[in-house]
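**Student:** Once you've had a glance at the structure underneath, I'll fire off some questions.
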Amino acid sequence: MQRVNTVASMRVATHHFLIIAFVLLALASSLASAYDPSPLQDFCVGVNDTKYGVFVNGKFCKDPNLVTTNDFVFTGLHIPANTSNQLGSNITFALVDQFLGVNTLGVAMNRIDFAPNGGLNPPHYHPRGSEILLVLEGTLYAGFVTSNEDNNRLFAKTLNPGDLIVFPIGLPHFQLNVGNTNAVAIAAFGSHNPGLIVIANAVFGSNPPINPDVLSKAFLLEKCIVEYLQQQFGPLQSRYTG
């Protein structure tokens, strides 16, 4: 009798385990599809005036009957951007806000120009999309840092024209021009709106400012140094607004 009860208990425990495993698998599957879900139509060209739009897949889209070839074409990535600023870099955006044709398609692209000898795209991350970077001209030192659970490892390399590097979603990354000529790179994203958080600006240039006591303790800095840094980092420069 005792053996029968033991077997029954094991069957119940196994049944419960399978249910829990199934629920966890279902949750993991739902989370895995949380980024830029597949569209339910051929395209959904974004539209700013809802008078000419239809509500599809949770977004206002341009009436398909009014869509033209020009909606799927973006021009401007061939034009060098002005790098005469403190960072010595500039970004030409071709995200959904500038290129409405990529709406819901899960892709977007930017051009990044770097001034010689130190032009920098500072440490930042994209919360909604991975990035792959192609160097067209010049020499860039580029890399990313992993999460705390991976001991914040740095993966970085000097890249030349034709080289590619990928930056996983949500991980801080950067590019620095280590050559004595201009550098140009093309960044492609796995999202039509990957988002952008420049770390220094977010921490020291938030609006309103973070209490200096918080940053002083977090960064092991004197409060006066934190206050100085907060004065240096105001609102994001226009090149980062998209």
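Glycine residues also receive a Cβ, built from the backbone N, Cα and C atoms like all the rest.
So TrEMBL lists the following for this protein:
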type	residues	note
SIGNAL	1-34	signal peptide
DISULFID	C44-C61	disulfide bond
DOMAIN	75-227	domain 'Cupin type-1'
BINDING	N110, N121, H126, E131	oxalate binding site
**Student:** Distance check, please: Cα of E131 (oxalate binding site) against Cα of C44 (disulfide bond), rounded to an integer number of angstrom.
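**Tutor:** Rounded to a whole number, the Cα-Cα distance is 23 Å.
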**Student:** I'm trying to understand the geometry here, so how far is the Cα atom of C61 (disulfide bond) from the Cα atom of N121 (oxalate binding site), in Å to the nearest whole number?
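**Tutor:** The separation of the Cα atoms works out to 33 Å.
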**Student:** What Cα-Cα separation, expressed in whole Å, is found between C44 (disulfide bond) and N110 (oxalate binding site)?
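**Tutor:** Here the two Cα atoms are 21 Å apart.
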**Student:** Across the listed oxalate-binding residues, N110, N121, H126, E131, what is the farthest Cα to Cα distance, given in whole Å?
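**Tutor:** For the residues that bind oxalate, the greatest Cα distance is 14 Å.
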**Student:** Identify, among the binding-site residues N110, N121, the residue whose Cβ has the fewest other Cβ atoms within 10 Å in this structure.
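**Tutor:** Least crowded of the binding-site residues N110, N121, by Cβ count within 10 Å, is N110.
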**Student:** Cβ within 8 Å of the oxalate site's Cβ centroid: which residues qualify beyond N110, N121, H126, E131?
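**Tutor:** So the additional residues around the site are I91, I112, H124, L133, F167, H173, A187, F189, P194, L196.
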**Student:** Using DSSP and three states only, what is N121 (oxalate binding site)?
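**Tutor:** Reduced to three states, the DSSP call for N121 (oxalate binding site) is strand.
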**Student:** Sorted by position, what residues of the same chain at least six away from H126 (oxalate binding site) have a C-beta under 8 A from it?
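**Tutor:** Sequence-distant Cβ neighbours: F167, I169, G170, F189, S191, P194, G195, L196, I197.
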**Student:** Between 0 and 100, where does the mean pLDDT of the domain 'Cupin type-1' (75-227) sit?
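**Tutor:** Averaged over the domain 'Cupin type-1' (75-227), per-residue pLDDT gives 97.
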